[in-house]
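See structure below.
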2 protein chains.
Amino acid sequence: MVGCALEPKMAVHCVTLSELEERKQKQLNENGDVEEDCSEKFPSVGPMLTSKLGGFCNRKFIFKRLPILQWLPAYEARFLLEDIVAGLSVGLTVIPQGIAFAVMANLEPQYGLYSAFMGCFVYCVFGSCKDLTIGPTAIMALMVQVYVGSLGANFAILLTFLTGCIILMLGLLNLGFLVQFISMPVTAGFTSAAAITIASGQVKSLLGLPGRSNEFVDSWINVYEHIGQTKLWDAVLGFTTIGVLLLLRSLRSKWSLMGKYLALSRNAVVVIGGAALAYYCSTFGSKPFSLTGTVTPGLPPIKLPPFTTVLNNQTLAFNEMTSMLGSSIIALPLIAILETIAIVKAFSKGKSIDASQELVALGMCNIFGSLVSSMPITGSFTRTAVNNNSGVRTPLGGIVTGVLVLLSLGLLTDTFYFIPKTVLAGVMIAAMFFMIEFHAALEIWRTKKVDIIPFMVTLVSCLLLGLEYGMLIGIALNICFVLYMTSRPNIDQALLRTSSGIEAMVVKPDQSLIYSSIEYLKHEVVKRTDKTQVTTVIIDGSNVSYVDSTAAKIFSSTIEELALRGRTVLLWNWNRSVRCTLIRLNKVQFHPLFKNGGLEQLDKEICNESLP
Amino acid sequence: MVGCALEPKMAVHCVTLSELEERKQKQLNENGDVEEDCSEKFPSVGPMLTSKLGGFCNRKFIFKRLPILQWLPAYEARFLLEDIVAGLSVGLTVIPQGIAFAVMANLEPQYGLYSAFMGCFVYCVFGSCKDLTIGPTAIMALMVQVYVGSLGANFAILLTFLTGCIILMLGLLNLGFLVQFISMPVTAGFTSAAAITIASGQVKSLLGLPGRSNEFVDSWINVYEHIGQTKLWDAVLGFTTIGVLLLLRSLRSKWSLMGKYLALSRNAVVVIGGAALAYYCSTFGSKPFSLTGTVTPGLPPIKLPPFTTVLNNQTLAFNEMTSMLGSSIIALPLIAILETIAIVKAFSKGKSIDASQELVALGMCNIFGSLVSSMPITGSFTRTAVNNNSGVRTPLGGIVTGVLVLLSLGLLTDTFYFIPKTVLAGVMIAAMFFMIEFHAALEIWRTKKVDIIPFMVTLVSCLLLGLEYGMLIGIALNICFVLYMTSRPNIDQALLRTSSGIEAMVVKPDQSLIYSSIEYLKHEVVKRTDKTQVTTVIIDGSNVSYVDSTAAKIFSSTIEELALRGRTVLLWNWNRSVRCTLIRLNKVQFHPLFKNGGLEQLDKEICNESLP
């Protein structure tokens, strides 16, 4: 079929229809599965599952599920410095962030650091995206704060374990393909909104204002209300930090190797510089900046997540705890997945990603995290951006981050005391600025104007309603676009003329017949044939690869309606599976309509066999 | 394009590609809108709205929006008797049902009758489905009971008004097309589940048991728990009623005209017979049956819906009332629409329905209903079935029902006192039995086995989780089927051979390029070309009528990837709008890839114009 659509000027041997049919038949026979062509095209879970189970043992599967086996043997010495620089930069970001998120979640500060290292180690083994760093995030912290506030830290840790199990399960079931329903405009909108939200949340720290909000609108209301309390030196140091960062970033492509490393390690440079400055001032007894402050030292205990807990002198069993956690057992994994996958998609720059593997990695991170009293963790947008900006080469950078966090817990809490908050805010704002996808928006506008709608809707909903709702709204809207498209098929039409004038009309829907489009199709076909008043209507089914029961029924009624209006209907080029469906619905009177060159007898035999 | 796919043995003059292009160009020029072809295919709201507004005034629009103008002039005298019989049957069903539903909604019994007549009158003017009867239903009663119980009847009436306004608005915005996303298996599943649920809810009345549940599971638990309290004479009369009804129904096609009318009026016959029997028994002072009992007489006052109300000695304003009603202001209209449309679809037997007009009618029914203290109303499954079974011919039957309800309120409350509840239960059960769609399930299984999944899922969810959730789950599941299908396009492939052997491979996706399918397509195309090791890959775009920005981007990366692997890529038969999108994304370097016979220059001119 395909080859024949070419124009005759190309002098090639063209495969004819009958040759193709023959070849297909031969293939079917070779597969020893003649029936398959007449059975449904839809997913047959059985064989899929079997092949999947069989696949658990082979070498390829192990390589796929442990990406470290792929990148570690190919590791080059020159990657090491870059990975260490990036790992340190991320580490220096995650320590104050972790503390802030733990406080936001009503947990003690050290829980933030407990959550920050295990994800790095585990992701290094299972992760396939070099930039992604998994750890505590603002959204996760917000999601658990209700339970922790009223029920205690044990619920957060149990939630980490359950979240991990659910995500791991989804990953092993290969449900990662679901992320292909997140389009580029939605991802771009989400990314931009996340960057704006995070940067907005840091403005207060940049100016040394009080307040704790991390939502876009609340952040700016907070800044507006407290702008009079701006701390001069915090603001000066903060804007200086941003300036220095932008300056160092511009060295990237210029100057020598020295300049390049300075550009890559710029985040670490300003943080260490800031801490040194604050320490220097403190030696004079002066405290011009808001500092990160005391972090309780000590490593977390390694133990199973709490499957029972004591609350108000009552011992709660596992099922009582889970029933108190309610719907968050479902919501938390979903949002963790959305966040991680959106980040991986944003950083994969158009390359195919193995989403199922990312789910496995994320699930593992949470399960192992729950052994060291972690709160639920997921991909962090900020730190992934820092990681990428710092020029990370492999997931090995995560090991450095993890070690740094462990060291900070064990030894360095005094050192981190001096990091000015405003410098960290500056680091985040500078990283976020380059994450707002102006270029993507421009590109979308240039290529396909209508796609700016999901972009803008996602962006605005994320800013106004929060990231998770915004993303869901964006996805739903974009699915509506797809549904609209499938419900309005294009119908090619042509008139076939003999020497004596118009004789027949060919209509050719451009997609399969499904319930959402069939009413429209019926309406159009009847309208168009009425308009031309031809005696014969040929319905060309070459693009129809599937027909569902609703469509089959209404399509049959279309043919009856055309017959009532005195038209002769011929069905041309319909594939066997669709022919079988229509014949099974309408019994044998449908047969004479199909004109496929000698296939009628074959159909009659095959389709009748499967009649009840 | 279309005509050329035919085999050469048909001796017809075939339209060539260039002819078609020429014709299209000519059409465009005639429309004075050359640009349109290069702009988006997607909905342009502007012109749609204009044409819609313009359409408000013309004769066709008025006929469409007032279907009574179509059927009343064509009314025949012989319809009258059938309409009266059906109207009486429905009336005799709605009176006890209305009372039961009002009690279920925590309202006084007469509110059920207030809700039962206005819908009939208004639908007669605006409705386009002869069978549908609008009035109080079990689901609507369940939905308002929370508010009425705590806040009073005024809230139910205000909710009626608001529900009406929202539905009317959706109807006037022509959003009725959304119902085409409800497929036949889902409708069949919903219908069957509704029939089973309603019949199950009547078993207790049939046996004279106490209890008030109307859900499937609860009904049977209730029957199981109270089976020992079965009232012998109620059960005997109930089963006799069902037997008589089935007997009378079988007269339909046999015997004389007399038998036919007996069959049609069988519901009224058994109800009047039952009432007479109960009255006869009462003259001896015997009361063997549970009776409908006293109905408070008197017509409702005609007044505006209560925009303010007094609750606990506090006057609540309109906005306070609406904020207390919360999300039910959205949920109630949606469920009312789902119920009505599902019923109309079930009774239209495959004919096209004007869903927007049904929304207008339903909205009007609720708005006018709120003037006579009605609770929210929608299409009633039971009574529509009774109406259809009784052989209604036009919506005029509704007038009879409405008058009967008004009479019953004014005069006949004493007469209805004697109707045994078990007879009404028998009427409903007998009607429901024929509404369970065994035949549809069989047909679905025979035509397309996979479609039995949405049917079964809808059926089971409706029974276990309630009708509204079950329907939503069914719709969502079926949309997943569509999404799955669009995400796995078929890719035709063929090898073009010259005399010196294999030279090029043609791949032809069978649908438009959208974000949900493009990753799969990329993967497949690269895999297949790697397998055959051809030097030239021709991607045939004849089925690609649309490309979104995500797909454009990843498609471009596919071409780059193929080029990296040393393949020459040619894009064949791509339509102009898609060519423009791809060229706008990739600038001019994409041009040489397209081979469409002299169109390159045209493209370059048109597409470059719209470049920023």
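Using the three backbone atoms N, Cα and C, a Cβ is placed for every residue, glycine included.
Small disclaimer: the values here were computed from a predicted structure and weren't measured.
What TrEMBL says about this protein:
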- A:84-105: transmembrane segment (TRANSMEM)
- A:111-129: transmembrane segment (TRANSMEM)
- A:141-173: transmembrane segment (TRANSMEM)
- A:232-249: transmembrane segment (TRANSMEM)
- A:261-280: transmembrane segment (TRANSMEM)
- A:325-347: transmembrane segment (TRANSMEM)
- A:359-377: transmembrane segment (TRANSMEM)
- A:397-416: transmembrane segment (TRANSMEM)
- A:423-440: transmembrane segment (TRANSMEM)
- A:452-485: transmembrane segment (TRANSMEM)
Is the number of Cβ-Cβ pairs under 8 Å between the transmembrane segment (A:359-377) and the transmembrane segment (A:452-485) three or more, considering only pairs separated by 6 or more positions?
no
Give the one range among A:397-416, A:423-440, A:452-485 whose Cβ atoms make the most pairs under 8 Å with those of the transmembrane segment (A:325-347).
A:452-485
Using Cβ atoms and a strict cutoff of less than 8 Å, what residues sit near the transmembrane segment (A:423-440) while being 6 or more residues removed from its termini?
93, 96-97, 184-185, 188, 191-192, 194-196, 198-199, 202-203, 205-206, 237-242, 245-246, 249, 267, 270-271, 273-275, 292, 346, 381-382, 385-386, 389, 455
Quick check: do the transmembrane segment (A:141-173) and the transmembrane segment (A:84-105) share at least 3 Cβ pairs under 8 Å, counting only pairs 6+ apart in sequence?
yes
Between the transmembrane segment (A:261-280) and the transmembrane segment (A:84-105), are there at least three Cβ pairs closer than 8 Å, leaving out pairs fewer than 6 positions apart?
yes
What same-chain residues lie close to the transmembrane segment (A:232-249): Cβ under 8 Å, and 6 or more beyond its ends?
205-208, 262-263, 266-267, 269-270, 273-274, 277, 288-290, 389, 420-423, 425-427, 429-430
